[in-house]
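A quick write-up on the structure given underneath.
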(Lines of atoms letter the chains of each structure in order from A and count residues from 1; the text may use other names and numbers.)
(Lines give C-alpha, C1' and ligand atoms only; values in the text may rest on other atoms or scores of the structure.)
Protein backbone atom coordinates (compact mmCIF):
# COMPACT_ATOMS: atom_id res chain seq x y z
CA UNK A 1 0.00 0.00 0.00
CA UNK A 2 1.48 3.31 -1.14
CA UNK A 3 0.20 6.60 0.29
CA UNK A 4 1.67 9.94 -0.76
CA UNK A 5 1.30 13.39 0.78
CA UNK A 6 1.32 16.50 -1.40
CA UNK A 7 0.79 20.23 -1.05
CA UNK A 8 2.44 23.62 -1.30
CA UNK A 9 5.22 24.81 0.99
CA UNK A 10 4.06 25.17 4.59
CA UNK A 11 0.90 23.07 4.23
CA UNK A 12 1.87 20.79 7.13
CA UNK A 13 2.76 17.61 5.25
CA UNK A 14 5.69 16.61 7.43
CA UNK A 15 3.65 16.93 10.63
CA UNK A 16 0.64 15.06 9.29
CA UNK A 17 2.52 12.22 7.62
CA UNK A 18 4.36 11.56 10.89
CA UNK A 19 1.06 11.50 12.79
CA UNK A 20 -0.44 9.01 10.33
CA UNK A 21 2.66 6.82 10.53
CA UNK A 22 2.41 6.75 14.32
CA UNK A 23 -1.31 5.89 14.20
CA UNK A 24 -0.74 3.05 11.75
CA UNK A 25 2.14 1.66 13.78
CA UNK A 26 0.04 1.79 16.95
CA UNK A 27 -2.59 -0.22 15.09
CA UNK A 28 0.00 -2.91 14.39
CA UNK A 29 0.77 -2.02 10.79
CA UNK A 30 4.27 -2.17 9.31
CA UNK A 31 5.02 1.33 8.05
CA UNK A 32 7.86 2.96 6.15
CA UNK A 33 8.00 6.76 6.30
CA UNK A 34 10.08 8.36 3.55
CA UNK A 35 10.33 11.50 1.45
CA UNK A 36 11.19 12.96 -1.92
CA UNK A 37 13.53 14.23 -3.04
CA UNK A 38 15.71 12.01 -0.88
CA UNK A 39 14.90 8.92 1.12
CA UNK A 40 18.24 7.15 0.57
CA UNK A 41 21.89 8.31 0.52
CA UNK A 42 22.24 8.95 -3.22
CA UNK A 43 18.83 10.63 -3.48
CA UNK A 44 19.66 12.75 -0.42
CA UNK A 45 22.76 14.04 -2.19
CA UNK A 46 20.58 15.05 -5.14
CA UNK A 47 18.14 16.67 -2.70
CA UNK A 48 20.89 18.89 -1.35
CA UNK A 49 21.50 20.26 -4.85
CA UNK A 50 17.81 20.72 -5.64
CA UNK A 51 16.84 22.57 -2.49
CA UNK A 52 19.95 24.63 -1.79
CA UNK A 53 18.94 28.29 -2.00
CA UNK A 54 22.40 29.11 -3.37
CA UNK A 55 21.69 27.17 -6.57
CA UNK A 56 19.83 29.96 -8.32
CA UNK A 57 21.40 29.06 -11.68
CA UNK A 58 19.67 25.66 -11.82
CA UNK A 59 17.54 25.66 -14.98
CA UNK A 60 14.07 24.04 -15.05
CA UNK A 61 15.01 21.12 -17.31
CA UNK A 62 18.06 20.22 -15.22
CA UNK A 63 15.90 20.51 -12.11
CA UNK A 64 13.35 18.13 -13.63
CA UNK A 65 15.99 15.55 -14.55
CA UNK A 66 17.51 15.67 -11.08
CA UNK A 67 14.10 14.96 -9.58
CA UNK A 68 13.67 12.01 -11.94
CA UNK A 69 17.10 10.63 -11.03
CA UNK A 70 16.39 10.97 -7.33
CA UNK A 71 13.01 9.26 -7.74
CA UNK A 72 14.41 6.33 -9.73
CA UNK A 73 17.07 5.67 -7.08
CA UNK A 74 14.63 6.07 -4.18
CA UNK A 75 12.09 3.72 -5.71
CA UNK A 76 14.62 1.02 -6.56
CA UNK A 77 16.41 1.18 -3.24
CA UNK A 78 13.62 1.92 -0.75
CA UNK A 79 10.01 2.03 -1.96
CA UNK A 80 9.79 -1.00 -4.25
CA UNK A 81 11.39 -3.44 -1.79
CA UNK A 82 9.11 -2.24 1.02
CA UNK A 83 5.96 -2.57 -1.08
CA UNK A 84 7.04 -6.06 -2.15
CA UNK A 85 7.19 -7.02 1.54
CA UNK A 86 3.67 -5.72 2.19
CA UNK A 87 4.80 -2.66 4.13
CA UNK A 88 2.62 0.47 4.05
CA UNK A 89 4.79 3.17 2.47
CA UNK A 90 4.08 6.80 3.35
CA UNK A 91 5.96 9.24 1.14
CA UNK A 92 6.25 13.00 1.66
CA UNK A 93 5.94 14.13 -1.99
CA UNK A 94 6.09 11.94 -5.09
CA UNK A 95 5.41 12.24 -8.82
CA UNK A 96 2.51 14.69 -8.40
CA UNK A 97 4.96 17.19 -6.93
CA UNK A 98 6.91 17.08 -10.19
CA UNK A 99 3.72 17.71 -12.14
CA UNK A 100 2.71 20.60 -9.88
CA UNK A 101 6.07 22.31 -9.50
CA UNK A 102 7.85 21.62 -12.77
CA UNK A 103 4.85 21.68 -15.14
CA UNK A 104 2.34 24.07 -13.60
CA UNK A 105 4.98 26.06 -11.72
CA UNK A 106 7.90 26.12 -14.15
CA UNK A 107 5.95 25.69 -17.38
CA UNK A 108 7.62 22.51 -18.67
CA UNK A 109 5.42 20.59 -21.09
CA UNK A 110 3.27 18.10 -19.20
CA UNK A 111 4.04 15.27 -21.64
CA UNK A 112 7.78 15.64 -21.04
CA UNK A 113 7.15 15.28 -17.33
CA UNK A 114 4.85 12.29 -17.80
CA UNK A 115 7.52 10.57 -19.89
CA UNK A 116 10.21 11.10 -17.26
CA UNK A 117 7.87 10.13 -14.44
CA UNK A 118 6.99 6.94 -16.28
CA UNK A 119 10.66 6.03 -16.64
CA UNK A 120 11.51 6.88 -13.04
CA UNK A 121 8.44 5.26 -11.45
CA UNK A 122 8.66 1.99 -13.40
CA UNK A 123 4.96 1.23 -13.00
CA UNK A 124 4.63 2.28 -9.36
CA UNK A 125 1.85 4.73 -8.52
CA UNK A 126 0.18 5.76 -5.26
CA UNK A 127 -2.94 4.01 -3.98
CA UNK A 128 -3.99 7.20 -2.20
CA UNK A 129 -2.71 10.77 -2.37
CA UNK A 130 -3.48 13.16 0.47
CA UNK A 131 -3.45 16.75 -0.78
CA UNK A 132 -3.14 19.23 2.07
CA UNK A 133 -4.58 22.45 0.69
CA UNK A 134 -4.24 25.98 2.01
CA UNK A 135 -3.92 29.49 0.54
CA UNK A 136 -0.42 30.26 -0.66
CA UNK A 137 -0.14 33.22 1.71
CA UNK A 138 -0.84 30.91 4.65
CA UNK A 139 1.57 28.22 3.53
CA UNK A 140 4.43 30.57 2.69
CA UNK A 141 3.93 32.42 5.95
CA UNK A 142 4.35 29.18 7.86
CA UNK A 143 7.30 28.07 5.73
CA UNK A 144 9.17 31.35 6.11
CA UNK A 145 8.51 31.40 9.84
CA UNK A 146 10.06 27.94 10.02
CA UNK A 147 13.06 29.10 8.01
CA UNK A 148 13.57 32.11 10.28
CA UNK A 149 13.67 29.84 13.33
CA UNK A 150 16.04 27.30 11.75
CA UNK A 151 19.79 27.26 12.17
CA UNK A 152 22.34 25.29 10.17
CA UNK A 153 21.93 24.09 6.55
CA UNK A 154 18.78 25.44 4.94
CA UNK A 155 16.61 24.02 2.17
CA UNK A 156 14.69 27.04 1.06
CA UNK A 157 15.10 27.46 -2.71
CA UNK A 158 11.40 26.94 -3.39
CA UNK A 159 10.24 29.08 -0.46
CA UNK A 160 12.05 31.98 -2.12
CA UNK A 161 9.97 31.69 -5.29
CA UNK A 162 7.31 34.31 -6.03
CA UNK A 163 3.75 34.23 -4.76
CA UNK A 164 2.59 33.79 -8.37
CA UNK A 165 4.75 30.67 -8.73
CA UNK A 166 3.25 29.11 -5.62
CA UNK A 167 -0.26 30.00 -6.77
CA UNK A 168 0.38 28.15 -10.03
CA UNK A 169 1.60 25.16 -8.01
CA UNK A 170 -1.50 25.19 -5.81
CA UNK A 171 -3.79 25.52 -8.82
CA UNK A 172 -1.90 22.66 -10.45
CA UNK A 173 -2.40 20.40 -7.47
CA UNK A 174 -6.12 21.11 -7.45
CA UNK A 175 -6.32 20.34 -11.17
CA UNK A 176 -4.48 17.05 -10.65
CA UNK A 177 -6.93 16.14 -7.88
CA UNK A 178 -9.86 16.93 -10.17
CA UNK A 179 -8.35 14.68 -12.86
CA UNK A 180 -8.06 11.72 -10.47
CA UNK A 181 -10.74 12.06 -7.76
CA UNK A 182 -10.54 8.36 -6.98
CA UNK A 183 -6.92 8.64 -5.89
CA UNK A 184 -6.81 12.08 -4.30
CA UNK A 185 -8.39 13.26 -1.09
CA UNK A 186 -8.23 17.01 -0.50
CA UNK A 187 -7.85 18.02 3.15
CA UNK A 188 -8.29 21.57 4.45
CA UNK A 189 -4.90 22.41 5.97
CA UNK A 190 -6.05 25.68 7.53
CA UNK A 191 -7.84 24.03 10.46
CA UNK A 192 -6.24 22.75 13.66
CA UNK A 193 -3.67 19.94 13.21
CA UNK A 194 -5.84 17.48 15.14
CA UNK A 195 -8.72 18.11 12.74
CA UNK A 196 -6.43 17.61 9.77
CA UNK A 197 -5.15 14.34 11.24
CA UNK A 198 -8.71 13.13 11.82
CA UNK A 199 -9.69 13.87 8.22
CA UNK A 200 -6.65 11.98 6.95
CA UNK A 201 -7.42 8.98 9.17
CA UNK A 202 -10.98 8.94 7.88
CA UNK A 203 -9.69 8.96 4.29
CA UNK A 204 -7.36 6.05 4.95
CA UNK A 205 -10.14 4.09 6.64
CA UNK A 206 -12.78 4.73 4.00
CA UNK A 207 -10.64 4.29 0.89
CA UNK A 208 -8.18 1.61 1.89
CA UNK A 209 -9.87 -0.16 4.79
CA UNK A 210 -6.80 0.13 7.00
CA UNK A 211 -7.42 0.24 10.77
CA UNK A 212 -6.06 3.48 12.23
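For all residues, glycine too, the Cβ spot is worked out from N, Cα and C.
Straight from Swiss-Prot, the features:
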- 7, 8, 9, 10, 11, 12, 13, 14: ATP binding site (BINDING)
Q. Does DSSP put residue 14 (ATP binding site) in a helix, in a strand, or in coil?
A. helix
Q: Enumerate the residues of the same chain, 7, 8, 9, 10, 11, 12, 13, 14 excluded, that satisfy the criterion Cβ within 8 A of the mean position of the Cβ atoms of the recorded ATP site; list them in sequence order.
A: 132, 134, 139, 142, 143, 189
(Q) By the count of other Cβ atoms within 10 Å, pick out the sparsest of the binding-site residues 7, 10, 12. (A) 12
Q.
Name the residue among the binding-site residues 9, 14 whose Cβ has the smallest number of other Cβ atoms within 10 Å.
A. 14
**Q.** Helix, strand or coil at residue 9 (ATP binding site) [DSSP, three-state]
**A.** coil
Q: Within 10 Å of each Cβ, count the other Cβ atoms, then let me know which of the binding-site residues 8, 11, 13 comes out lowest.
A: 13
